[in-house]
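Contents: one structure, followed by commentary.
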Amino acid sequence: MKILVCISHVPDTTSKINFKENDTKFDNNGVQFVINPYDEFALTRAMWFKEKQGATITAVTVGNTSTEPTLRKALAIGADDAIRVNTEAIDGLQVAKELAEVVKNGSYNLVLAGKESIDYNGGMVPGMLAALVDYNFVNACIGLEIEGEKATISREIDGGKEILSANLPLVIAGQKGLVEEKDLRIPNMRGIMMARKKPLSILEPISTKTATTTASFEKPATKSACKIVSTENIGELVDLLHNEAKVI
Amino acid sequence: MSVLILAETLEGKFKKSTFEATSYGKKVAELLGTTTVVLAINATNPSELYTYGAEKVLNVSNENLKTFNAKVYANIIQQAVEKENAQIVIIDASANGLYVAPMVAVNINAGYASNVVAIPSSTTPFVVKRKAFSSKGFNNTEINTDVKVIGLSKNSFGIIENEVAGTTEDFSPSVIETTIVSEKIEQTTGTVTIADADIVVSGGRGLKGPENWGMVEELAQILGAATACSKPVSDLGWRPHSEHVGQTGKPVASNLYIAIGISGAIQHLAGINSSKVKVVINTDAEAPFFKAADYGIVGDAFEVVPKLIEKLKEFKTNNI
């Protein structure tokens, strides 16, 4: 089984989000970048298939040179090789088209990704990629088993879950449940040393056309201070929720 | 030209998110000087959508479409887009909506903006405001393609009545074959789901143990709310994973979110930021949640929650 794991290079969850150049650009200053947490679930599941079923893993990202440390981290965790498509990721469809090219050329039969990136929260690249290469696709995947060519997949639905079956090739957009958080791996020294020697190839993009662009960014309106209700007067909270907030 | 809205049904009944998507679609159609078409698959009462501005309902009745299949649905939406010459497609943020929307975008060669929270701020160029950075920011996205897909964030526009004289037209799209099969659906019945809930009551480690969840459930029941929990609580196995809300759990975009014994770690807040009104009950006045909340009570949940239940019962009796 040849697995492609799609990695997004994103600001760490605890980052302060700021914008620059008149709110037209994301401000990288002081921001720590990490593997997108949802992609980490995907990579960890891929490692299971590598160790138990002899799969090979290629990690891929679409981005400029600044994303390489994140790809190296994926290699340190255990991916066999990595690909960077050398263009800035601006729009979901643009990224999906670049990934589709990688999938076609590498004839991967399983593509694992996170269901969304925690920066733009687009939630679109895996589904678009699947449609572009005409692979079956499951979104919000919380369980994946593969026997030979046959996959059994669980996905989260509103108020429950659905079990699906499909043959490879397949694109999976994963989330927690695909693996648990305790299964996530921190790269060890040996992994980090080995990652330096693993191949990281750089591909030029097929196009730089985008379907969407960001015209500007905004920060949420500053919130007014929390109103504190005394424990002696809890009826006041009910009153505020009814008359002021109008939510009950 | 038209604005096409995908309706979502559960056992034939429209979901609330469909009323919101239709209300939103009507507004977008007005801005563009065009009309609305709703695509409804196996809906019992299509005319219900006229109230929210559906000028035409394409009504599909087909036993083979009883179970949602993203590939099949994406193809049917494509057929509807072509038939109605739709310029904009609006899809809600339900599990099925999020699943199908990117596939639709590729099928019709459209730019797609998800998490959209407002009507377009401009139609030429076409710009919509969307949530990003786990609700720590927004980006105004310009969609450059001729046909556009909009994923509407839940509870962002609201349900707005706008009665029109609508018509319902039977639509019989072709149904493509697929090799991905739904084997089983396990629905948790009888309780309000986090995705659909207007109110969510959530408990954290401050509640000390799973045996203390009775009062959380009672509070939720009085409010018609869904129950949820913080990450440590689901990690400890006090509550099922399906209740975990936060960065890596379920996102919450309810009208009211009540956090009991949750300190408000940044990962938790990232998942619940989109809720309109947030209430925190915590013994520690320094807990970060108080910075994010609209209303707070500094106190012991074991004293505060029973009193709150009592007050809400009184309120319900007086307000029926």
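Counting starts with 1 at the first residue shown.
For all residues, glycine too, the Cβ spot is worked out from N, Cα and C.
Note that the structure is predicted; figures quoted are calculated from it, not measured.
Site annotation (TrEMBL): FAD is bound by B:Arg205, B:Gly261, B:Ile262, B:Ser263, B:Gly264, B:Ala265, B:Ile266, B:Gln267, B:His268, and the candidate from B:Asn255, B:Asn282 recorded at this site is B:Asn282. Chain A lies within reach of none of the binding-site residues B:Arg205, B:Ile262, B:Gly264, B:His268 when a CB-CB distance under 8 A is required.
It is B:Ile262 that, of the binding-site residues B:Arg205, B:Ile262, B:Gly264, B:Ile266, B:His268, has its Cβ surrounded by the most other Cβ atoms within 10 Å. Confidence for the domain 'Electron transfer flavoprotein alpha/beta-subunit N-terminal' (B:3-192), expressed as mean pLDDT, is 96. DSSP classifies B:His268 (FAD binding site) as helix under the three-state reduction.
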